[in-house]
Amino acid sequence: MSTRTNPNIVVTGTPGTGKTTHLKDKECHEGWDDEFQSWIVDEDKLLDELEKEVADGGCILDWHACDLFPQRWIDLVVVLRTDSTTLYDRLTARNYPDAKLQENMDTEIMEVLLQEAKDSYDEEIVVELRSDETEEMDANVERIEAWVKQWKEDHKGNAPAQT
């Protein structure tokens, strides 16, 4: 059993809100979905792979959804949100197939990922941040850095243990 000295953070949001993913690098997929032009996630394999890494803390889990990560792993959930017009422009620039484009637009408009985060984690660790402009993205990084600094100060010597 180890004690974390750094927090674990989930950064989530609809594709096109300003994050990246690492699914291919870990080979935690079951193949390719032609309709949606994306990898099919093997969630069990992904969680098994990540468990070793999150035990000591200091991980930023960058993912399109957050509800698959156990609550005991996570100290902060950042849900990136983007204006619908901006999101549409970003997704069409990526040449998303129509079905994938529509699904992601609906997800953002209906606040699916924000609600998922609030349903899966204590509401006080869920924060919603706008990610429309470069200035907002820069401010988001500064805000998260300040949060990490405060978390470390608050948890000196008493970080939660991982099991």
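Including glycine, each Cβ sits where the backbone N, Cα and C put it.
Since we're looking at a predicted model, the values are computed, not measured.
Matching 27-37, 49-59, 93-103 against TrEMBL, the residues noted as region 'LID' span 93-103.
All protein chains shown were included, and the count of other CB atoms within 10 Å of the CB of Gly16 (ATP binding site) stands at 23.
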